[in-house]
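What TrEMBL records for this protein:
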type: ACT_SITE; residues: A:Glu223; note: active site, nucleophile
type: BINDING; residues: A:Phe41, A:Ala42, A:Val43, A:Tyr46, A:Asp131, A:Ile132, A:Asp133; note: UDP-N-acetyl-alpha-D-galactosamine binding site
type: BINDING; residues: A:Asp131, A:Asp133; note: Mn(2+) binding site
Amino acid sequence: RRDVLVLTPWLAPIVWEGTFNRDILNAQYMQKNLVTGVVTFAVKKYWFFIEGFMSSANKYFLAGHQVNFYLFTDNPEQISHLQMAAENHLFVITVQNHSQWQDISMSRMDIISRYILSQFQYEVDYLYSIDIDVQLFEHIGVEIIDTLVGTISSWQYTARRESKSYETRTESQAAIPKGEGDFYYTASFYGGSVAEVYKLTRACFKGVMEDRKNDIEARWHDESHLNKYLLYHKPTRLLSPEYYWDEEL
Amino acid sequence: RRQDVLTVTPWLAPIVWEGTFNSEILDSAYRPLNLTIGVTAFAIGKYTRFVGHFLESAEKHFMKGYRVNYYIFTDNPETIPDVQLQPGRRFVIVPIKKYPSWQEISMRRMEAINKHIAETSHQEVDYLFCLDIDMVFYNAWGPETLGDIVAAIHPGYFNVPRSQFPYERRSSSAAYIPDGEGDFYYGGAVFGGLVKKVYEFTKTCHMTILMDKANGIMAAWQEESHLNRHFLSHKPSKVLSPEYLWDDRKPKPPEIHLIRFSTVDKNYKEVRD
């Protein structure tokens, strides 16, 4: 691929179709006997997306490898019988709902870090947080597996640095100084090793709580905090907007 | 950014060329980690004559601003010159035995490095690079080279079809690579990575070298052949472009913007005797 940037200035690969050979990567992944987890939330009306997400993810997400799906929902009764591939597991975890969607969004960080500590670290090597309102149309494979992985937001892909949606108000913990920032990452798909995701979610939630105390809310909520974190803790691998494309574009 | 060369392998390991990385960003990520980088180099017999120039040039260009330990393996400690080092950088002589032929000397490096890691350097360094001594640094070699398992593309074969790579082609050798297989031809003069990983692959290479010895066969390019076999099945996590392993006898092609580390012109016959 010569038409796109395939390597960041800190030598992290940017994953685009055409840059990798999935067979080679599958062989490497299997050598190491790894287990990957997916965390997703279906709270309030979002229960509607569960079936679409789970059936497409079950088919297309790391097909052929063991995946543990951790589905957090306030509506466990709404989950119709979901057929899982033999190698995959589904864990349904009931959560409280909150009044506003932003709160749910931001408390995800807290929930993820707490569950990593109490459960996920014993069950998976790598963990990805993916929004439930997506459907996979193509295989997403082991090319996503690395220590700390962010996905370039499709909305922001061509935007120049100044127009990116970073939080700029210095009162917020998520503030990024003017002129700084490598890429704009989407909070809809990020992940990495369980240890790194723990550090990321802890740091983001700390920022969220600090902002709440100071009565400020970041422009794009947990996504703003994610972007701040990934600016100062560079991802070891980036996924191109192919990996999270908003149909509305 | 570079569009004229391949900058990522099919297994998503970066290939490091000038123009693909920003040294400031990398330094700001690596410096705070307080790392120590080790270098092994073998100066046996007449090869001790290269030590002075190697070290002086390394002091100017290799991992500036980082703690560095140079481990010079030699059968002749008295002939090693005393070189002035920057603060935070140390020089250690590792006495070893000299084998009768240059091929044997070359191949025993894997065993010597592996043994030394187990006994000493695993406690002293985070990353280890194993370099040939008959070389000189001409430009910066920095943290862009750090990775779990690092190999360098041989300067003679980076622009050449796979069928022409000088892999060992006899199936009786443990270094055998069949026609049609192979990613790159890696040079034996530069390899490295996390000290734990270097320990693992020097052990494997030494095992395959011994297997060949037991079968009365010596691979086409000695340990370089075994290294290539190993890196085919256990792919490097980072690949260095030929900027990091150049041969000054070659004319510089347009893809090479900067030569960082290169051979010293010498009379092979004379110095190997």
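The backbone N, Cα and C atoms fix where each Cβ goes, glycine too.
This view paints the features noted in TrEMBL onto the structure.
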{"residue": "A:Phe41", "record": "UDP-N-acetyl-alpha-D-galactosamine binding site", "DSSP class": "strand"}
{"residue": "A:Tyr46", "record": "UDP-N-acetyl-alpha-D-galactosamine binding site", "DSSP class": "helix"}
{"residue": "A:Asp131", "record": "UDP-N-acetyl-alpha-D-galactosamine binding site", "DSSP class": "coil"}
{"residue": "A:Glu223", "record": "active site, nucleophile", "DSSP class": "helix"}
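As a whole number, the greatest separation of Cα atoms within the UDP-N-acetyl-alpha-D-galactosamine-binding residue list A:Phe41, A:Ala42, A:Val43, A:Tyr46, A:Asp131, A:Ile132, A:Asp133 is 11 Å. Here the binding-site residues are A:Ala42, A:Val43, A:Ile132, and the one ringed by the most other CB atoms within 10 angstroms is A:Ala42. Apart from A:Phe41, A:Ala42, A:Val43, A:Tyr46, A:Asp131, A:Ile132, A:Asp133, the residues listed for UDP-N-acetyl-alpha-D-galactosamine, the same chain places the Cβ atoms of A:Thr40, A:Phe49, A:Ile50, A:Phe53 within 8 Å of the centroid of those Cβ atoms. Between the CA atoms of A:Tyr46 (UDP-N-acetyl-alpha-D-galactosamine binding site) and A:Glu223 (active site, nucleophile) there is a gap of 19 Å.
For A:Asp131 (UDP-N-acetyl-alpha-D-galactosamine binding site), the same-chain residues 6+ apart in sequence whose C-beta sits under 8 angstroms from its C-beta are A:Thr40, A:Phe41, A:Ala187, A:Ser188, A:Phe189. Sparsest Cβ environment among the binding-site residues A:Phe41, A:Tyr46 (other Cβ atoms counted within 10 Å): A:Tyr46. Taking CA atoms as the reference points, A:Val43 (UDP-N-acetyl-alpha-D-galactosamine binding site) and A:Glu223 (active site, nucleophile) are 18 Å apart. The Cβ of the residue listed as 'active site, nucleophile' lies under 8 Å from the Cβ of A:Tyr185, A:Thr186, A:Ala187, each on the same chain and at least six residues away in sequence. When other Cβ atoms within 10 Å of the Cβ of A:Asp133 (UDP-N-acetyl-alpha-D-galactosamine binding site) are tallied across all protein chains shown, the result is 13.
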